[in-house]
Amino acid sequence: MASQLTDAFARKFYYLRLSITDVCNFRCTYCLPDGYKPGGVTNNGFLTVDEIRRVTRAFASLGTEKVRLTGGEPSLRRDFTDIIAAVGENDAIRQIAVTTNGYRLARDAANWREAGLTGVNVSVDSLDARQFHAITGQDKFRQVMAGIDAAFDAGFEKVKVNTVLMRDVNHYQLDTFLAWIQPRPIQLRFIELMETGEGSDLFRKHHISGQVLRDELIKRGWIHQLRQRSDGPAQVFCHPDYAGEIGLIMPYEKDFCATCNRLRVSSVGKLHLCLFGDGGVSLRDLLQDDAQQYALEERISDALREKKQTHFLHQSNTGITQNLSYIGG
């Protein structure tokens with residue numbers, strides 16, 4: 001087994017975000033406002049179960065303990081349950097999570113849990129059904145809420161909910177969100193709107209700093225918790241009267257990248273060192289045979305030497321990320 005993946009800035013990487021498709025059936029305003037438009041990749045062009053098995057085996061050998069399956073919408077893959085099971089074949093991987101729009105959660109949460117899934121993140125940008133429809137292009141609010149309930153019923157002890165923070169859209173709804181998580185063990189994560197290549201106008205119109213919410217939380221008696229390794233870049237707040245927690249993810253905050261612990265592999269097998277980095281390193285030619293594992297590990301380790309200390313979002317440099325479905329956010 002190789003040593004733990006570590007970059008030139010002594011950051012250790014134990015978390016892999018693995019995109020398995022860039023197809024999505026929602027049309028979120030900040031991601032795919034015009035809906036999914038196939039590029040050069042057909043469904044047959046995405047990583048196969050065997051390729052996923054090989055890439056996660058290599059990362060597990062390099063110290064990866066957590067894999068998050070992303071998209072697009074991962075559950076649109078008909079073999080999604082098989083993918084969960086394939087990742088779970090690696091004993092070193094202790095956590096297998098998914099980020100989903102919740103579209104199929106009510107139907108499939110129990111099956112995913114049985115296959116080995118340990119964590120669920122659901123995207124919910126508004127608790128108002130009409131506004132949810134306006135943001136996502138889908139009238140599925142009640143279906144997604146039922147999915148969150150189904151996740152708890154299936155045995156997931158905590159569900160994370162991702163909410164993209166947008167000025168004049170949902171930034172003023174903090175009290176509504178807090179009331180929702182008071183009786184529920186949900187970690188509600190407000191994510192600052194990030195600029196992407198296709199979303200510059202939206203960013204200028206709707207970006208608001210997460211510091212605004214942080215100040216409001218502190219006023220209301222919420223306590224900033226000591227950072228746990230599993231938090232990654234999130235600042236987590238708790239309150240003695242609430243079963244839920246609040247997380248703030250603020251990529252424009254000073255030193256945001258200092259706690260980076262994750263690498264990304266796209267749905268076509270490219271290693272990306274940063275969500276907003278350039279290029280990417282193709283791994284796919286080394287995912288065709290089990291005998292290639294050593295060479296695959298070497299390529300991953302060598303690529304990490306090029307990881308930059310920080311992103312360049314402050315200079316409006318969004319790198320290769322034209323939209324957030326591209327490499328899974």
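Including glycine, each Cβ sits where the backbone N, Cα and C put it.
As recorded in Swiss-Prot:
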type: BINDING; residues: ARG17, ARG68, THR99, LYS160, ARG262, LEU263, ARG264; note: GTP binding site
type: BINDING; residues: CYS24, CYS28, CYS31; note: [4Fe-4S] cluster 1 binding site
type: BINDING; residues: TYR30, GLY72, SER123, MET194; note: S-adenosyl-L-methionine binding site
type: BINDING; residues: CYS257, CYS260, CYS274; note: [4Fe-4S] cluster 2 binding site
type: DOMAIN; residues: 8-234; note: domain 'Radical SAM core'
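Taking Cα separation as the measure, ARG264 (GTP binding site) is nearest to CYS274 of the binding-site residues CYS31, MET194, CYS257, CYS274. Counting only the Cα atoms, the space from CYS24 ([4Fe-4S] cluster 1 binding site) to ARG17 (GTP binding site) is about 17 angstrom. Around LEU263 (GTP binding site), a 10 Å sphere centred on its CB holds 24 further CB atoms from the protein chains shown. Counting every protein chain shown, 27 other Cβ atoms lie within 10 Å of the Cβ of GLY72 (S-adenosyl-L-methionine binding site). Annotated pair ARG17 (GTP binding site) and SER123 (S-adenosyl-L-methionine binding site), C-alpha to C-alpha distance, rounded: 16 Å. Neighbour density at the Cβ, taken as the number of other Cβ atoms within 10 Å, is lowest among the binding-site residues MET194, CYS257, CYS260 for CYS257.
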